[in-house]
Amino acid sequence: NHKNAKMKHIFILCKNNEVVLKLSDSEQDHGKWWFSQCNAQGEVMLTLHSPADAPVGLYSMTVVLLSADGQILEQTKSQTFYLLFNPWCKDDSVYLPSEELLQEYILNENGILYQGSWDDITTVPWNFGQFEKDVVDICFEVLDNSPAALKNSEMDIANRGSPVYVSRTITAMVNANDDRGVVSGRWDGEYSDGVAPTRWTGSVPILRRWSEGGGQKVRYGQCWVFTGVACTVLRCLGIPTRCITNYSSAHDTDANISVDYLFNDQLESVSEGRKDSIWNYHCWVESWMKRDDLPEGYDGWQVLDPTPQERSDGVFCCGPCPVHAVKEGEVGLKYDTPFVFSEVNADLVVWIVHPDGERIQVSQNSKVIGRNISTKSVYGDFTEDITANYKYPEGSMKEREVYKKVGRQVGQKNEGPGQFELFIKHAPAIHGTDFDVIIEVYNAGREDTDAQLTVTLNAITYNSIHRGECQRKTTSLTVPAHKAHKEVLRLQYDRYGACVSEHHMIRVTALLQPTDQDNIILQEINIPLKMPALHIKIIGKAIVSRKLTAHISFTNPLPVSLQGGVFTVEGAGLTEAKEIKTQYVLNEGPGQFELFIKHAPAIHGTDFDVIIEVYNAGREDTDAQLTVTLNAITYNSIHRGECQRKTTSLTVPAHKGKTRKLN
């Protein structure tokens, strides 16, 4: 109603009113905030333009209408909005020029985390839920609780335009080791004062529990839980992110680019202090961003590992580390490249320590660490192997050159096999059943040879923590020349059932000591015990707000009855996380359990405006009729129905435009 008034300035107030921005209506100042406006049906539509490197966070906005002489005619109430990173914007540091990738790495709320072993990959569905109610608020609450933000909020805000800074902060804040972080890690199997890591099915309940508890750590998580939560937060903030699983992942505690195993003659570990280890698998995330803080060539995917393993700059965090730097062995580039390099490309060195303290190196193997590095494909629910992104082919000349570049003395990897070869095989291993483990010793020599074979079977966690010895056998044997000797061990459920971890993993270690020879051989494999598959079938068609029935079933493989089962159900836009308890008694295998659950899908589309602008290039005002239809169509232009229609009579002034808005 103010004919002579114009929009002169918009004032933006950042978090806690600590940063005040004054906007102009001109885009001449490159890299500054500015706004544009257009009139439509008596309304003024403002478009706010932020610089690509503006700090992400919660902003409050006030619009002021000024008269021609500068008097305030009208002032709006303060309104708030979140500013995120924008991977669709070419000038943003997280720009990703592929709509296909953005659909997966920003917009997909459901995903798959990979577990198991390198030769038997298993899947765990995970609900990221980055667009669920309150999640964006909680993500910024996580940032606001970081030590840097609590110490100097203004400086923290100034740095939030950098995805390098923000993502590194998130890796520290997802774990609760040093700060008011989200998840507390635990690996000893004692979870009675919290939730077992294997019980979580998504990030949203974890983030909500942390927020509702006033920033108290949520108990408990392990690597895939930290990874799932980090992926949710980073995608929510607008940083393209994907979950990675590295099989046979090294944890190098002394930064010597090797994993050293020390055993005595009885095949007992004698490593002291913090031990190097090989995790059956380890999960982290990769995020896509520019690295303006590094030389050219290291933009793109960056490793970010929120699992608390080693300190970086005094804090349990890791990354962002350029994947390309790992492949090329550029371990001097930040952040934490030596540690990530070891995770995927360390050598395994095995030592036997005799009673007098003498160490004998039994083997050095360059091919067992960093296998089948996997992520979910953008084309469906199947695995994409990205090992080649991290390293050159194992044992190749280029891979050995890179290994030598990082400062590690390279052993003789290409020696031919010695007199003996040791192989470990096993029958199908299903949790709850007995199965055979076969140790095969081959003598390539010309003479029969006496030897002692020691085999141990231990229950372990996925990250190599021993939970108990299931079985041990020592055998004196004579191996004929040019022949093989097979030793069969029957592992019974009664022996391993009591000590097996929640990760259902058995490690078989075999040590062969030929008589009167120094050619000692050690071989080791992990056997993942297969668990019953959970079969889910949706009955009927999914329609918003209409009840939907899901049929869930699985078969009990154990030789004991099961009772008091708990099902955890969660789905973005379908149902919040909830537990369904049942007192149904499921008899010992092969009894089958069936469960029917009902829920109503809640996800729906959002409202949006369509602006139609008509421009008159003629010399006279012209009357016209404007008809607009909005139709639902398939990708190949088959019409599925008319959504809306509007017909308007209008007069378009000469050399001017006229706009109409549809809600």
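Keep in mind that glycine also has a Cβ here, set from the backbone N, Cα and C atoms.
Counting only residues at least six positions away in the same chain, the Cβ atoms of TRP279, TYR281, HIS282, CYS283, TRP284, THR307, ASN463 sit under 8 Å from the Cβ of CYS223 (active site). Positions annotated as active site by TrEMBL: CYS223 (among others).
The feature active site is assigned by TrEMBL to HIS282 (among others).
On its own chain, ASP305 (active site) has THR171, TRP284, VAL285, CYS317, CYS318, GLY319, ASP336, VAL340 as residues at least 6 apart in sequence with a Cβ closer than 8 Å to its own Cβ. The active site annotation in TrEMBL covers ASP305 (among others).
For ASN345 (Ca(2+) binding site), the same-chain residues that are 6 or more apart in sequence and have a Cβ closer than 8 Å to its Cβ are ILE257, VAL326, ILE369, GLY370, TYR390, LYS391, GLU399, VAL402, TYR403. Here TrEMBL flags ASN345, ASP347, GLU394, GLU399 as Ca(2+) binding site.
If you look up TrEMBL, you'll see 215-308 marked as domain 'Transglutaminase-like'. Predicted-model confidence for the domain 'Transglutaminase-like' (215-308) is 93, expressed as mean pLDDT.
Counting every protein chain shown, the number of other Cβ atoms lying within 10 Å of the Cβ of GLU394 (Ca(2+) binding site) is 17.
Applying DSSP to the domain 'Transglutaminase-like' (215-308) sorts its residues as follows: 14 helix, 40 strand, 40 coil. Of all the binding-site residues listed here (ASP347, GLU399), it is GLU399 whose C-beta has the fewest other C-beta atoms within 10 angstroms. Other Cβ atoms within 10 Å of the Cβ of HIS282 (active site) number 25 in total over all chains. Apart from ASN345, ASP347, GLU394, GLU399, the Ca(2+) site neighbourhood in this chain, defined by C-beta within 8 angstroms of the site C-beta centre, holds ALA346, SER366, LYS367, ILE369, GLY370, LYS391, GLY395, ARG400, TYR403.
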